[in-house]
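Asks: Can you read through this structure? Questions will come right after.
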Amino acid sequence: MSTSRLYTLVLVLQPQRVLLGMKKRGFGAGRWNGFGGKVQEGETIEDGAKRELLEESGLRVDTLHKVGHISFEFVGSPELMDVHIFSTDHVHGTPTESEEMRPQWFQLDQIPFADMWPDDSYWFPLLLQKKKFCGHFKFHGQDTILSYSLREVDEF
């Protein structure tokens, strides 16, 4: 029986561009990703998302929109990653490099999928179309998707 742990992921989407961060250390290092991490005990999922965005990019946000919910399974790991994905189009502050992430804006037609998690190319198009989605990805290592399911949903 697997256990799961709550994680958040925040994508700052503005007209024609998205803010991603180059992960500098730890799990997923060397890949572009949104901003997020583990939800702490006593913290709501949305509060955890706001905290992680601030810690990793220096940006504050008033409103987040839940757009996705994906569980990730890694062969050999007993823990599922239960990831709640949010988007926002309005932030306060200027993106600032942290110990963990180096933020950079990308034009929507220049998203660096080759340097991102392999699953991103499956669900990112739904995000960009402002659709909500749920899914599950099973990985072998960090590069190979063994199986997946992904579907659009109306609400959470």
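For all residues, glycine too, the Cβ spot is worked out from N, Cα and C.
Per Swiss-Prot, the features are:
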- THR8, ASN33, PHE35, GLY36, GLY37, LYS38, TRP117, PRO118, ASP119, ASP120: 2-oxo-dATP binding site (BINDING)
- LYS23: 8-oxo-dGTP binding site (BINDING)
- GLY36, GLU56, GLU100: Mg(2+) 1 binding site (BINDING)
- GLU52, GLU55: Mg(2+) 2 binding site (BINDING)
- 3-132: domain 'Nudix hydrolase' (DOMAIN)
- 37-58: motif 'Nudix box' (MOTIF)
Asks: Return the count of C-beta atoms lying within 10 angstroms of the C-beta of LYS23 (8-oxo-dGTP binding site), excluding that atom itself.
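Replies: For LYS23 (8-oxo-dGTP binding site), the count of other Cβ atoms within 10 Å is 20.
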Asks: What does DSSP give as the helix, strand and coil breakdown of the domain 'Nudix hydrolase' (3-132)?
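Replies: Secondary-structure breakdown of the domain 'Nudix hydrolase' (3-132): 28 helix, 54 strand, 48 coil.
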Asks: Sorry to bug you, but what's the C-alpha spacing from GLU56 (Mg(2+) 1 binding site) to the residue listed as '8-oxo-dGTP binding site', rounded to the closest Å?
Replies: 10
Asks: Rank aside, I only need the closest one: which of the binding-site residues GLY36, GLU56, GLU100 has its C-alpha nearest to that of TRP117 (2-oxo-dATP binding site)?
Replies: GLY36
Asks: The record lists THR8, ASN33, PHE35, GLY36, GLY37, LYS38, TRP117, PRO118, ASP119, ASP120 as binding 2-oxo-dATP. What's the largest Cα to Cα distance among them, in Å, rounded to a whole number?
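Replies: Largest pairwise Cα separation, rounded: 20 Å.
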Asks: Measure from the Cβ of GLU52 (Mg(2+) 2 binding site) and count the other Cβ atoms within 10 Å, all protein chains considered.
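Replies: GLU52 (Mg(2+) 2 binding site) is surrounded by 23 other Cβ atoms within 10 Å.
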Asks: Excluding GLY36, GLU56, GLU100, please set out which residues of the same chain place their CB within 8 Å of the center of the CB atoms of the Mg(2+) 1 site, keeping sequence order.
Replies: GLY21, LYS23, PHE35, GLY37, GLU52, LEU53, GLU55, SER57, SER98, MET101
Asks: Given the binding-site residues GLY36, GLY37, ASP119, tell me which ones have a C-alpha lying within 10 Å of the C-alpha of GLU52 (Mg(2+) 2 binding site).
Replies: GLY36, GLY37
Asks: Tally every other Cβ atom lying within 10 Å of the Cβ atom of GLU100 (Mg(2+) 1 binding site).
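Replies: So the number of other Cβ atoms within 10 Å of GLU100 (Mg(2+) 1 binding site) is 18.
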